[in-house]
Every structure is written in C-alpha cells, then in structure tokens.
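Data block below; observations after.
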Amino acid sequence: MTNVLNLLNEIGIEELRPPQKKVIEEGLLDKSKNFLICIPTASGKTLIGEMALLNHVLDENYNLTGKKGLFIVPLKALASEKFDEFQKKYETYGIKVGMSIGDYDTKEDLSKYNIIITTSEKLDSLMRHNIEWIKDLSLAVIDEIHLIGDNERGGTLEVILTKLKNINAQIVGLSATVGNPEEIANWLNAKLVTDEWRPVELKKGIYLENEINYINNQDSQKKSFKAVKSISRNNLTDLIVDSVNEKGSCLIFCNSKRNAVGESKKHNLTKYLSKAELNDLNSISEEILSILETPTETCKSLSECIKKGVAFHHAGLTYQHRKAVEEGFRNKVIKVICCTPTLSAGLNLPCRRAIIRDIRRYSQNGLIDIPKLEIHQCIGRAGRPGLDPYGEGIILAKNEKDVEKAFLALTGPLENIYSKLSNQKVLRVHILGLIATLEIKSTSELINFIKNTFYAHQYGNLHGVLTNVSKVVEFLEKNKFIETLDDDFTPKKNRVLELTLDNSNNLVLDSKRRMDTLTNLSFKPTNLGKRVSELYIDPLSSEIIIEGLNELKEKINDMDRSNIDQYIFYIISKATEMRPLLRVKMDEELELIQEMDKLKISDYSIENIEAFKNSKMFLDWINETPEEVILEKYGIEPGILRYKVDQARWMTYSSKEIAKLVKLNNDKIYKALLEMEFRIEYGAKEELIELLKIKNIGRVRARRLFNIGIKSKMDILKNPEKIISTFGDKVGKKILDEFGLKYGQQKLSGF
C-alpha cells in the first residue's frame with residue numbers, strides 16, 4: 001500500500017478524495033478481493049483503477065512484479081485518452097503501457113507491457129488467438145461496468161467477466177450508475193463500495209418558462225428557484241446564455257442526431273464572446289473544413305455552427321471531427337455542444353450545465369422514455385473540478401406533464417441492469433469462441449460456464465437460456481463449425497442438441513440419464529470454426545457468406561467485373577455485422593427489384609432489398625463517386641459512411657479468408673475479394689492503388705494526380721513541382737516530406 005500512495009504523491013496527488021480513501025480502507029489493495037465501486041462521475045473512479053493497477057505491477061521497492069493489469073473501457077476514443085494519460089504518468093517508473101484497439105484478426109505481441117488498455121470486444125478477440133501473456137494477468141479494471149446491460153455489447157462484457165472469474169484475476173468494476181449494484185457485486189463475489197461524494201456540488205433542476213426549479217438532493221420536497229433572463233424568443237437560448245455569461249459551458253443532450261444538429265443551428269453566441277474567443281472559434285471552424293479532402297455539407301454545417309460558439313457531436317461525424325470538437329470544448333473555446341447521449345459514455349467532457357432537451361425518444365416500438373440510468377450518466381457530466389463552483393443537471397420541460405416526468409427521472413430509483421446473454425447472436429459468437437479455443441470441450445463444461453454467468457446468477461433457472469444454447473449448438477454442428485463426439489450413442493440420439501435441466505440445474509438428456517453419466521460427450525472445433533472464431537464474426541454471417549459465394553460461383557461466368565463486385569457487396573451486406581441496413585423507400589423498391597433481377601437474385605424479402613441497396617452504395621464508393629454525392633443519395637452522415645465502409649472492409653477480408661478455407665476454387669472470386677479489400681478501404685478504382693499507399697494521399701488527391709500523369713511513387717519523385725502546383729505549398733510539401741524530398745531538391749535523400 002505504501003508504495004502506491006508514495007508513487008501517487010510523487011506524481012502530484014498529495015491527498016486522496018473521500019471515496020478513494022474509503023475504497024483503500026475497504027481493502028482495494030488486497031489482491032484477493034474483487035470490488036464493485038459505484039461513485040459519482042468526477043469523484044475519482046479512474047484513479048481507483050490506477051491504484052489497483054500499480055499495486056499489481058509494482059512491488060514495495062517500485063520494481064516490476066512481472067504481473068499484468070488490464071484497463072477495459074467501452075470506447076476506442078476513451079482507450080486512446082487513457083493510454084496517453086497513463087503513459088505520461090507512469091513510464092518514468094519503468095511501467096510499460098500498451099493499447100490494443102485495432103482489427104480483431106490480429107495477435108499483437110503485448111507481452112512486454114505491464115498495463116494494457118483495451119475494449120471488451122478486442123480483449124475477447126485477443127483471447128481467441130491463445131495469447132501467452134494471459135497467464136501473467138492478475139487484475140482487470142472494468143470502466144463503465146454497467147454496460148453489461150447494453151443490448152449490443154453487454155453479452156461480450158458478461159462473457160469476458162465470466163472468463164476473468166474463471167482465471168482468478170482480481171476484478172475491479174467501476175460505474176456511476178447501477179440500479180442493482182448488490183446483485184452484480186454478489187455475482188462477481190465482490191465487495192460493494194458506494195459513496196455519494198462529489199468534488200463539485202451537482203444541482204439538479206427542471207427548466208420551464210424561464211425558471212429553473214431546483215430539487216434538493218437531501219429532501220426532494222424542498223425546492224428553490226432561479227429566474228433566467230429572457231433575451232430571445234428561444235428559452236433554451238436564454239438558458240445557454242445565462243451559463244455562458246457566468247463563464248460556464250453547456251452540453252445539450254438531444255434524442256437523435258438530427259435534433260442535435262438542428263438544435264445547434266438555433267443558437268448564436270457571437271455577441272456574448274470576446275474578439276479573442278471569436279478568433280479561436282474561426283480557427284477551429286477552418287480546421288473542420290480541412291479534415292476531409294472535400295468538405296461535406298455536414299462539415300460545412302459544423303464549421304458554421306462553431307463560428308457562433310456552438311457545435312454538434314454525434315456518431316455521424318468522423319473521428320477527426322469529433323476530436324476537434326472535443327478539444328475545442330475542453331479548451332473552453334466552444335461553449336456549447338449539442339449531442340446525443342453517446343457522448344456521456346465515458347468521454348472526459350465535463351461542463352457547467354448539462355441540459356437534457358428530450359426525456360423521450362423514438363424506438364422500434366414508438367416513443368419511449370429515456371432510461372433514468374442514461375439521464376443520470378448525462379447530468380453527471382456537470383461540474384468541472386477546479387473550474388466550476390458547482391454543476392447543474394437540468395431537464396427541459398415543455399409543459400406541466402413534462403415536469404412530473406422530469407421530477408421522477410431526477411429523483412426516482414435507477415433501472416436494474418439485466419443480462420443480455422440469452423440473445424442468440426451473442427450465444428453463437430461466444431459458444432463458438434469457447435469451443436474453438438478449447439476452453440469448453442464437453443457438455444458439462446459448457447453448462448458449468450453458463451452456470452457461472454450473470455444470466456444464471458440473475459435468473460437462477462437456466463431453462464430459458466438452455467433452449468437457445470441448444471439451438472446454437474445445433475446450428476454450429478449442422479454448418480460444420482464444430483463436431484460433437486459421443487461414443488455411447490448414435491449421432492442422432494440423445495445429442496447435446498436436446499439439452500434440458502432438472503430442478504437442481506443438472507443436465508438431463510432424457511428423463512433417466514443425467515450429465516454425470518455422459519462425460520464422453522464432447523465438442524471439437526473444425527478448421528472453419530477456428531478461423532471464424534479468430535475473425536470475430538457471427539457464425540451465421542459466415543454461413544451467409546459461404547452460401548452466397550457458392551451461388552456467385554454458379555453465375556460468375558455471365559458477369560462483368562462490376563457485377564461481380566456488386567454481388568460480393570450484396571453478400572456481405574446480408575451479414576449480421578452490417579446491420580442496420582439502409583432503409584428502402586416505397587418508391588425505390590420496384591427499381592431495386594428490377595436491378596436485382598439482372599444479377600439473378602430472386603429473393604425479394606425486405607432484408608435482401610435493403611442489402612442490395614447497401615451494395616449499390618459500396619459500389620459507388622469504390623468507383624470514386626464523390627463522397628458528398630453518396631451522402632446525399634443514400635441519406636447518411638460522413639461518420640456513418642466511414643463506419644459502414646470499415647465494416648464492409650472487414651467483412652470483405654473475412655470473406656476472402658473463408659473462401660480460402662472452404663476451397664471455393666474460383667480465381668475470379670478470390671482475385672475480386674483481394675482487390676476489393678484495398679479498394680473499399682480507400683474508395684477508389686484499381687488504377688489508384690499504388691498512389692493510395694502513400695501517406696496524405698486519399699482517393700480525391702490520387703485521382704487528381706492520376707489525371708495529370710502521376711501514377712506511381714517514382715512519378716512523384718520525378719515531378720515534385722507538379723505536386724506543389726497541383727495541391728499548393730501546404731499539402732504538396734506534406735506529400736513530398738513522406739519521401740524526405742524538400743521542394744526544390746531534384747533527388748530524394750535516403751531513398
């Protein structure tokens with residue numbers, strides 16, 4: 001303990017905050033104890049995780065122990081942030097900090113690192129490659145552990161935690177918002193530590209008709225009020241200006257990307273800002289326009305908003321645009337960000353006033369209330385330690401009925417978190433992963449693993465999940481991902497596919513036989529199963545790809561290259577990883593069906609028509625249709641396009657790997673997959689591939705170079721003046737710098 005506290009003192013942390021002291025007193029530095037720590041945002045959760053990490057990787061004399069600690073975060077951006085922070089703090093002490101957030105089909109050598117920062121999905125994929133260093137793992141810190149209840153990602157986090165429990169690593173879970181912390185702590189066999197202390201007071205209130213009605217944190221019946229001066233026709237503008245005039249900043253949480261953009265356009269803060277602030281805003285505005293080779297309408301809208309002191313932030317922006325907005329806000333240049341609640345998922349963007357504009361949002365089932373857990377995550381961003389005297393979490397009410405709902409959202413208990421493990425896609429991916437890595441070799445081991453999950457702990461009765469497990473195992477066997485071996489029974493009888501449990505949760509294959517008499521029932525992964533597990537894709541997607549490529553093989557001799565490309569995109573667009581697909585409007589349907597006919601596609605289900613529309617978008621992308629045209633034609637944002645392109649690149653690579661394994665024996669298909677993987681990454685035709693391998697040259701610049709006769713690296717070296725004249729000094733010099741070539745030199749240094 002002394003070494004940890006002394007080291008913190010050396011890096012400038014002289015006194016721990018009350019929750020941090022409390023956790024130490026409760027035994028955090030006892031490596032045999034698991035912890036679930038539920039304390040407010042900004043109260044020091046990350047440092048608690050750091051203390052646990054230091055306790056494992058350093059001994060009393062600051063020598064490295066050889067043990068490793070994981071810091072698991074929900075977002076790649078957050079991983080990058082923590083990586084930079086931890087490196088600066090701890091490399092002086094010989095602690096090597098590593099980060100793994102890249103492609104799933106990689107076996108990075110992380111053995112030299114003492115602290116490894118990653119996401120749950122990346123960790124899961126690493127484990128499928130039988131990493132050696134896992135034997136040295138003695139601690140896992142899980143940030144935002146409440147995401148175990150997330151519909152999309154919760155199942156993976158639950159499986160990871162179950163694996164970590166099985167290898168007896170210390171587990172430290174961190175969260176600000178858990179409705180049922182006792183239940184999760186019991187499952188983890190963890191000490192639960194809760195605390196309400198915050199470094200900055202958080203005032204919660206409801207805003208209606210230019211008045212904030214504050215709710216007393218100790219007594220919700222006691223209320224205080226603040227009148228907000230009316231200076232515009234928009235009472236939300238009034239609330240923003242009220243904060244800006246007090247040197248505060250605002251996050252406004254909206255229920256959709258469209259509303260976040262629309263809201264940001266309504267506010268103009270220029271007359272409340274200094275000349276220096278306006279100059280800084282103009283600089284960020286110009287930076288936004290220079291990020292992409294050709295600015296899109298979204299770029300232009302964001303740039304214009306930023307000039308006025310306001311920005312929007314959502315998944316539709318590219319990573320570079322989001323980063324620029326975040327930095328501008330942290331540096332107190334951008335005063336307001338209108339965003340979706342995804343911004344609250346762990347990013348370090350505190351503000352003076354967090355405003356919930358909408359307490360309801362649209363879902364597949366219509367308009368629903370936003371969960372209280374999510375609202376509390378959002379308002380927890382309010383209050384910057386050392387910068388703000390207090391923080392405010394305010395819900396905007398439109399009428400008295402909204403006031404009642406807002407009051408319940410601010411004062412009512414948080415929702416419980418529920419396991420998402422019973423989802424069939426989650427089970428397909430993870431049961432195959434467990435069998436492929438030989439972690440699970442028999443029916444009994446599979447049942448024991450399931451018994452150790454949060455699902456089993458929460459529901460007790462496993463009959464529901466076992467029904468889905470049975471279906472998944474049947475699917476995996478039928479499609480040759482696994483083999484089941486049973487020496488006592490014929491393959492058709494009493495198979496693992498007929499899993500049931502008795503009242504004591506013992507496996508029963510029929511009314512007379514129990515699991516303990518069937519130890520010879522075992523699983524074995526096939527080569528296909530192993531590879532699909534390593535690729536980290538849904539086995540159902542693999543089956544779709546195999547079936548689709550075999551269909552293409554029958555048709556390929558009647559197709560030109562463009563049709564082959566589109567058919568491959570159609571196949572991968574049907575994969576589960578590609579959802580949600582582009583929606584098909586009623587007036588598009590007939591035309592799309594007619595185009596499908598030309599490729600001899602006869603299944604006109606809505607999912608297939610949507611997949612075909614997706615294939616058209618990807619074909620436009622690799623044929624160099626301008627990005628702005630694609631965005632308008634398909635009604636999507638730049639960030640969503642980049643995400644879909646990245647997913648398509650991964651599925652194209654996976655298709656190529658699967659095609660090799662199943663011996664498709666068709667050179668045309670394999671060649672198309674090989675070229676498409678690179679083309680889709682850059683969105684260009686084959687002739688530009690060599691130029692695209694050069695840093696600072698994207699598809700637009702590559703096409704401009706090709707059109708003036710610059711087609712290779714050697715052409716660039718021979719014609720540096722053409723590079724400068726085509727792109728100007730700034731961009732041209734960046735390109736030439738990649739070769740060590742300064743403008744005016746006639747040869748390349750060190751080439």
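Even glycines carry a Cβ here, placed using N, Cα and C.
Note that the structure is a prediction, hence the values are computed from the model and not measured.
Among the residue ranges 91-94, 143-146, 451-454, 663-666, the one that Swiss-Prot annotates as motif 'DEAH box' is 143-146. Per DSSP, the secondary structure of the motif 'DEAH box' (143-146) breaks down as 2 helix, 0 strand, 2 coil.
Other C-beta atoms found within 10 angstroms of the C-beta of Q20 (ATP binding site) number 23, with every protein chain shown included. Taking the domain 'Helicase ATP-binding' (26-196) as a whole, pLDDT averages 93 in the prediction.
Within the group of binding-site residues (P40, G44), the Cβ with the highest number of other Cβ atoms inside 10 Å belongs to G44. Under 8 Å, Cβ to Cβ, and six or more positions away along its own chain, T46 (ATP binding site) finds K82, D143, L174. Taking the mean position of the Cβ atoms of Q20, I39, P40, T41, A42, S43, G44, K45, T46 as the ATP site, the remaining same-chain residues with a Cβ inside 8 Å of that point are R17, P19, L47, I48, A176, R198. Secondary structure from DSSP puts P40 (ATP binding site) in coil.
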